[in-house]
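Student: Quick paste of what Swiss-Prot says about this protein:
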DOMAIN    3-202  domain 'DPCK'
BINDING   Gly11, Met12, Gly13, Lys14, Ser15, Thr16  ATP binding site
Amino acid sequence: MLKIGLTGSIGMGKSTVGKLFAEAGIPLNDSDAVVHNLYAGEAAPLVNAAFPGTMKDGAVDRHELGRQLALDPEGFKRLEAIVHPLVRKREMEFLAKQQADGAEMVLLDIPLLFETGAWERVDVIVVVSTDSQIQRQRVLAREDMTEEKFDMILSRQTPDAEKRRRADYLVDTSHSIAETRAQVLEIIAELKMRIAKGDFRNA
């Protein structure tokens, strides 16, 4: 079973590309969605223990957590030590199910693919990218986003140029959704051909 790692910096269109892969029939494990799910349940008391006052009605108050992290950027390490093992556990459960179901390939949407070393456990890396001005416009249009918050997030992510350099495939989201979809379908078609040729014998 071929494991495709999908990544891209904030505002590049990674989530949209992930959905396009899923629409094309590729099973998707979305790390962001898993974190949202964990914050609404299992991880909430653990996060609250490390960041007092961040739990509200049994779930993580993301706004309060973000406020505390902005004041103490070192807190990201504590948060990741709590969340990453839980996300990894869910990922392994997803992979086991897809393997049992006979999936030919799966997509792992991992925002911090390079930063966490997750790139080592995938067979192919797809990076989503766009022009830096388009990226900035998209991100600053989000609710509760500021220039300072955007710059802080970027500082924690591998630079786009480095991601592009390490990609096996690149999806450019600078243009229309139709053009983005065409790129995704082309990648899937090529990967299916490569699987048939035996390019991924260890996958």
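Keep in mind that glycine also has a Cβ here, set from the backbone N, Cα and C atoms.
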Student: Take the mean position of the Cβ atoms of Gly11, Met12, Gly13, Lys14, Ser15, Thr16, the recorded ATP site. Which other residues of that chain put their Cβ within 8 Å of it?
Tutor: Gly8, Val17, Val128, Thr130, Arg138, Thr173
Student: Please report the number of other Cβ atoms within 10 Å of the Cβ of Gly13 (ATP binding site).
Tutor: 21
Student: Return the residues near Ser15 (ATP binding site), defined as same-chain residues 6+ apart in sequence whose C-beta is under 8 angstroms from its C-beta, sorted by sequence, else 'none'.
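Tutor: The list for Ser15 (ATP binding site) reads Asp30, Asp32, Asp109, given in order along the sequence.
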Student: Which whole-number mean pLDDT does the model give the domain 'DPCK' (3-202)?
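Tutor: Residues in the domain 'DPCK' (3-202) carry a mean pLDDT of 93 in this prediction.
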Student: Going along the chain, which residues six or more apart from Thr16 (ATP binding site) have their CB under 8 A from its CB?
Tutor: Thr173, Ile177, Thr180
Student: Report, as a single number, how many Cβ atoms besides its own are within 10 Å of the Cβ of Met12 (ATP binding site).
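Tutor: That number is 26.
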